[in-house]
Structure formats: structure tokens, C-alpha cells
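Engineer: Before we start, here is the structure in question, set down as C-alpha cells.
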Ligand SMILES: Cc1cc2nc3c(=O)[nH]c(=O)nc-3n(C[C@H](O)[C@H](O)[C@H](O)COP(=O)(O)O)c2cc1C
């Protein structure tokens, strides 16, 4: 299969894409995902107004110094003028692609008409895309769900509208807003969107293994696969999927030694990005993901959660590494 994927004028080396995840896909995560060879990484979602008003927390979300390869920056909001201004700021910061969030199900977001709520207002959604696309030179993409709920499944219509408004690609997560993250993702909606538009379609939802990725590509005809939760504490999902799609060979899962060495690097990257206090706090959840499935993981997680400094956390991880050898 051909591995390259073109989004507007941005060429991805392969069609395996890391999903945007708030609280997860910061620069530390992205560096590891890129090293594992995924074709495109996303920032966490960023509010249009936070960008415009220069909220300091936003700066850290946007931080991408030293990262090699294309970066999609995801923005959420519902006001076309703010969204266009926010997109201009993000493009100025070096985004290669600007993605508009039309899938976030969180009540706090949808009550403002943002995220998945835009699926209930397709005209506004299309206007946002057209205003943003007119303002920036980089490709503008949209990430959406299947629909709002089972009675309002409109990904096909919305994909057509945003394509006409200038979107360069769409990602479809095969769940409705009402489902949040539960139930099984419906891949058939991805197939239907792919049949309806000419721009690249990225399929998303429940890709947990390299075999799932190939099955999604085959069953839906989509152009790329986006992997979210299965990549938490598991950047190897990207290398293993890219390799499997290119060669048909399934590489082994990483050893515990590799996992813990990568967790130690993740900790260093987080601390370099966010400082010791926040870095150590945020590493708790990542460490739990890296250690998932290890014997005694619950007890180790407890120990890790009590670590008050980088050194303490490193000592615990190194201790686990020694036991694993
Ligand atoms: C913790 C978490 C945070 C997320 N944050 C975002 C986000 O900021 N923007 C977005 O478009 N989707 C977000 N998502 C949704 C994912 O991008 C993805 O669509 C979803 O997890 C389904 O893919 P998966 O089955 O591979 O995890 C988030 C999901 C999770 C679990």
C-alpha cells in the first residue's frame, strides 16, 4: 500500500495519526509518538479565546520547539470571528495544519455551542471553516463525531458542508456525542463519509492494535487512521502499526524494560516542559498507563503516586526496571 498521505499541501510520511487528547498529547507525548514514527501529531484542544487573550496555560499547550515533522494544532470555539483570529495566531506559531474541534462531548464545552455542539449547527460549523480557511494559508481540517445522538446522525452532511467550505480533510470518530466514549465506535459511518467527499477522511475510534488499523482502512476505505487511548503509555502502537501496514509483519510488543525506560524518558521530557512539580504530578497517570498489565501494578501505582520529586519517581521506576531485568 502507498503510505504517504497528503492533507492540503502537507505530506504525511504515513497514514497513522496520533489523536488530540486534552491532558495527554503535550510535547512530551508528541516527541515519543513522533519517534515511534507516526505520520501526524495533534496538540491538545485550545480555546479560541484563550489564544486571543494570551492565557499563559495556552502557551504550554502550544509549545512545540524542537519537534520534527508536521504538527496539527486543534482549536475549539463557536464564534467564526474569534476562530479566524485564533487560527491566525496558531499559524503564526508554526502550526502545519489547523484542526477545528467538532467532537468534544464535555458539557462545559457543548453548553457554549462549541465542540460536538457544532454538529447541531452545521451552517455555523461551515461558516467557521470558511472564515478560518480564508484567514490562514495552512490546511484547515475538522474532527467530528458520527452525530449528536442516534436521532441526529449527520456526519455525512457535515463532512460535505465543511469540504465545500474549504476543509482539507475530516476526521470521523464513529460515536455520537451522546455516547461520549462508551459503546463501540461505528466504522460504517466512516465508510459513508469517505464515499461522500473527495478530501481525505481519517477514521477514528477503537483502533487498539495494528490489525485494527488495517481492518479500519480496508473496511471503510478511509485514508488514515487516528489512534487515541491505545497510545497512552504505548507509543509503540505507532511503530508497530506503521510497520504492519508497510510490511504485513507484526512486531512483538515492547518488553517491560523498554516500557520502563520510555517511562523514564517521558518523565524527563515532562519535567523539562512543565517543571518538577507539575511534571511529577502529571507523570502519575502516564506511569500508570506504562505499567498497565505488570504484576503488582496497583501497588506500584500507589508508590508512584506518593513520589514527591523527580528523583523519588525515578528511583521507583528504576527499581521496577531492576526487578523486570
Ligand atoms: C483523555 C482524552 C482527551 C481527549 N481530548 C480530545 C481533544 O482535546 N480533542 C479532540 O478532538 N478529541 C479529544 N479526545 C477524543 C480522541 O481524540 C478520540 O477521538 C477518541 O478517544 C476515540 O479514539 P480512540 O478510540 O482511539 O481513543 C479525547 C479523548 C480522551 C480519552
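Yeah, the Cβs are placed from backbone N, Cα and C, and that goes for glycine too.
Curation plays no part in TrEMBL annotations; they are all automatic predictions.
According to TrEMBL:
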{"type": "ACT_SITE", "residues": "104", "note": "active site, proton donor"}
{"type": "BINDING", "residues": "20, 21, 22, 74, 143, 173, 228, 229", "note": "FMN binding site"}
{"type": "DOMAIN", "residues": "18-317", "note": "domain 'DUS-like FMN-binding'"}
Engineer: Should residue 173 (FMN binding site) be counted as helix, strand, or coil on the basis of DSSP?
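Structural biologist: Assignment for residue 173 (FMN binding site) reads strand.
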Engineer: Test of understanding: give the count of other CB atoms lying within 10 angstroms of the CB of residue 228 (FMN binding site).
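Structural biologist: Result for residue 228 (FMN binding site): 21 neighbouring Cβ atoms inside 10 Å.
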Engineer: Could you check the recorded positions 21, 22, 104 and say which one's CB has the most other CB atoms within 10 Å?
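Structural biologist: The residue with the densest Cβ neighbourhood is 104.
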Engineer: Show which residues of the chain containing residue 173 (FMN binding site), separated from it by at least 6 in sequence, have their CB under 8 Å from its CB.
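Structural biologist: Long-range Cβ contacts: 103, 143, 144, 145, 146, 185, 204, 205, 226.
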Engineer: Max CA to CA distance in Å over the FMN-binding set 20, 21, 22, 74, 143, 173, 228, 229?
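Structural biologist: Greatest Cα separation within the listed binding residues comes to 17 Å.
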